[in-house]
Amino acid sequence: MVKRASFCLLSCLIILFLSSVSAIIYDPQDKQVYVVYMGSLPSQPNYTPMSNHINILQEVTGESSIEGRLVRSYKRSFNGFSALLTESEREGVAEMEGVVSVFRSKNYKLQTTASWDFMGMKEGKNTKRNFAVESDTIIGFIDSGIWPESESFSDKGFGPPPKKWKGVCKGGKNFTCNNKLIGARDYTSEGTRDLQGHGTHTTSTAAGNAVADTSFFGIGNGTARGGVPASRVAAYKVCTITGCSDDNVLSAFDDAIADGVDLISVSLGGDYPSLYAEDTIAIGAFHAMAKGILTVHSAGNAGPNPTTVVSVAPWMLTVAATTTNRRFLTKVVLGNGKTLVGKSVNAFDLKGKKYPLEYGDYLNESLVKGKILVSRYLSGSEVAVSFITTDNKDYASISSRPLSVLSQDDFDSLVSYINSTRSPQGSVLKTEAIFNQLSPKVASFSSRGPNTIAVDILKPDISAPGVEILAAYSPLSLPSEDRRDKRRVKYSVLSGTSMACPHVTGVAAYIKTFHPDWSPSVIQSAIMTTAWQMNATGTGAESTEFAYGAGHVDPIAAINPGLVYELNKTDHISFLCGMNYTSKTLKLISGDAVICSGKTLQRNLNYPSMSAKLSESNSSFTVTFKRTVTNLGTANSTYKSKIVLNHGSKLNVKVSPSVLSMKSLKEKQSFTVTVSGSNIDPKLPSSANLIWSDGTHNVRSPIVVYIDGY
């Protein structure tokens, strides 16, 4: 009774405490950092962005001094600022003339090599290169910074930066740029040096030099290199260990665009998709697109659940993660001679010595000392020799001690062996790299569609290697998640859509070296329409276009796509009209006069994929898609259409006209795709592929229809 009363008292106190904390957190008089987005920079010659931002703050706060209020002013590539505001002040700013949106600055998360060989970009003379243009290509990475001393970013053999470069090297104390790493900016007050390893990893994946004999303690030995090793890189550090704030991210876009980068790579994202006017990555990417800069963005790591993709704007290229043909496996050898195969990146070698196996989830340290602990939960034991556990992940993680992660069936087999054997023994071997013939397969963690903001725009767009990627790393960051890990490495293995994103960034840069004048939409179209068609290796929604988009990126095919689907800023503004943005708001965003007339259907945006969300009540349906293609292949070519239904699809698809005769380069022709059917499964999309072929080029677009059942 006494114990129960004490528990009740403690519970009540906790509830009161949490209530008071909650009240403090949601006090409307508390000042929070808000982003104030004001669209494009006004063209008036006497307009000074920062002065205008200060005037707004003075007016809304009633204070002549706004010291400590203005956090950042966005004034180089677009207009806006971030500031400390109360809720009532936020409301006041939102009602002011010239303001598009005001939203709280949230934190994004980081979305955490043989892969280039796997995609067909072999090292050396086997891959066609245009080194002169590649050396003039600049990629900006908005991430956790960079390790400038890494061999992956050595400037040996590089000339001075391209003349178009307008950036700076402000990396902080003891940070030096060079002719490879030509720019660095910090928005965190930590300096641009990478303390987490993530930014170093992504940058080297896309554009790192070829560095021979790299490995993780002998695992995955080979040459680490990026897709465009001759290109230049610039690091924009927006992330700390606590996250990547909206106001930092928007500042990085503001600078990167004005600095003169050719591409922007963003391997971070939120927990859920946001409306475009409140999504700093979508905002920054829009203004980048308007300046001819493609933004490549990771899809997110919240899969395999549907509607989890966070990168949903059509003006940026959204990347899902897949496996490659190399997997890391860690074998467990039992005392009875049986071998079980698990996953991990285990650099420790027990040299085949067998130790007693102890099974249990919550064991006293004295019971596991000098033994291999077998548990359903990864233990923090410091006295066990090794660990064997189980989970349903389809990728390997680095361990700080000998570890193998078994499938549930193999784990059950191991437990059965322990329970039926008087003195069970075993050993965990060092990880080995094996050939994976089932690749590529979409990783379970990769976020899935459908798109919840623009429901008729298919996302993700493309998939690329993002599982067990070996690339450069920061020696200041732990290789594992165990804080007791004392090892430090220059190259490490990571998995995530963060790792997939820079692969596509590298491909986009590779395309740009052959076609410097291609617009962001043309590069995006080339990547999507030449992708490998993915084969569903599983069942259910996680094995559909909502998982992989148009397919798996094919770098070599993408430099010669034949036909492309072009889009420009005006097309995207019309699309936003159809999303119910007002003419007044869109004039602020675009900087141009805008009149939204009529209803523009999302699905008629000239996008390389076609998607339509149907009403749940639709037992039978007919939808149309209008598209225009531009000939970038050869003159006097004839393209014939072909429809290929995917497994289980009963769609009826017609293309009109079914033949396109292109007399000249850059000629445009339009067509309509009509899709009809009935009784669509509410849990699965129904899909097909439209292929335009002239005998040399095969220009493929996925067609997806789905019920509002997600």
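Cβ atoms are placed via backbone N, Cα and C, with glycine included.
Small disclaimer: the values here were computed from a predicted structure and weren't measured.
Per Swiss-Prot, the feature domain 'Inhibitor I9' maps to 33-110.
Look at Swiss-Prot and you will find Asp143 (among others) tagged as active site, charge relay system, backed by sequence analysis. Look at Asp143 (active site, charge relay system): DSSP puts it in a strand.
Residues or ranges marked as N-linked glycosylation site in Swiss-Prot: Asn174 (among others). According to DSSP, Asn174 (N-linked glycosylation site) is assigned to coil rather than to any helix or strand.
Here Swiss-Prot flags His198 (among others) as active site, charge relay system. Neighbour density for His198 (active site, charge relay system): within 10 A of its CB lie 26 other CB atoms from the protein chains shown.
For Asn221 (N-linked glycosylation site), the count of additional Cβ atoms within 10 Å of its Cβ stands at 14 [all protein chains shown]. The N-linked glycosylation site feature in Swiss-Prot is assigned to Asn221 (among others); the stated evidence is sequence analysis.
Under the heading domain 'PA', Swiss-Prot lists 354-414, citing sequence analysis as support. Remark: secondary structure over the domain 'PA' (354-414) totals 11 helix, 18 strand, 32 coil, with classes taken from DSSP.
There are 9 other Cβ atoms within 10 Å of the Cβ belonging to Asn364 (N-linked glycosylation site). Residues or ranges marked as N-linked glycosylation site by Swiss-Prot: Asn364 (among others).
The annotation N-linked glycosylation site is assigned in Swiss-Prot to Asn419 (among others) on the grounds of sequence analysis. Packing around Asn419 (N-linked glycosylation site) is summarised by its Cβ count: 9 other Cβ atoms lie within 10 angstroms of its Cβ, all protein chains included.
Around the Cβ of Ser498 (active site, charge relay system), a 10 Å sphere holds 31 further Cβ atoms from the protein chains shown. The feature active site, charge relay system is assigned by Swiss-Prot to Ser498 (among others), with sequence analysis given as support.
Per Swiss-Prot, N-linked glycosylation site is recorded for Asn535 (among others), and the stated evidence type is sequence analysis.
Residues or ranges marked as N-linked glycosylation site in Swiss-Prot: Asn568 (among others). According to its DSSP assignment, Asn568 (N-linked glycosylation site) is coil. Just so you know, the Cβ of Asn568 (N-linked glycosylation site) picks up 15 other Cβ atoms within 10 Å once every protein chain is counted.
Remark: Asn580 (N-linked glycosylation site) has no non-local neighbours by Cβ distance under 8 Å and separation of at least 6 in sequence. If you look up Swiss-Prot, you'll see Asn580 (among others) marked as N-linked glycosylation site, on the strength of sequence analysis.
What Swiss-Prot records for Asn618 (among others) is N-linked glycosylation site.
All chains included, 10 other C-beta atoms sit within 10 angstroms of the C-beta of Asn636 (N-linked glycosylation site). Taken from Swiss-Prot, the feature N-linked glycosylation site applies to Asn636 (among others).
Take the Cα of His198 (active site, charge relay system) and measure to each of the recorded positions Asp143, Asn174, Asn221, Asn419, Asn636: the nearest one is Asp143.
The Cβ of Asp143 (active site, charge relay system) lies under 8 Å from the Cβ of Leu110, His198, Gly199, Thr202, Thr203, Ala235, Tyr236, Lys237, Val238, Cys239, Ser265, Val266, Ser267, Leu268, each of these being in the same chain and 6 or more residues away along the sequence. With a cut-off of 8 Å between CB atoms and residues at least 6 apart in sequence, the same chain places Arg193 near Asn174 (N-linked glycosylation site), listed in sequence order.
For the domain 'PA' (354-414), the mean pLDDT of the prediction comes to 88. Mapped onto three states, the DSSP output places His198 (active site, charge relay system) in helix. Closest to Ser498 (active site, charge relay system) in space, going by CA atoms and restricting to the glycosylation sites Asn221, Asn364, Asn419, Asn568, Asn636, is Asn221. In the domain 'Inhibitor I9' (33-110), the DSSP tally of helix, strand and coil residues is 21 helix, 24 strand, 33 coil. A coil conformation is recorded for Asn636 (N-linked glycosylation site) in the three-state DSSP classification, outside any helix or strand. Taking CA atoms as the reference points, Asn568 (N-linked glycosylation site) and Asn636 (N-linked glycosylation site) are 26 Å apart.
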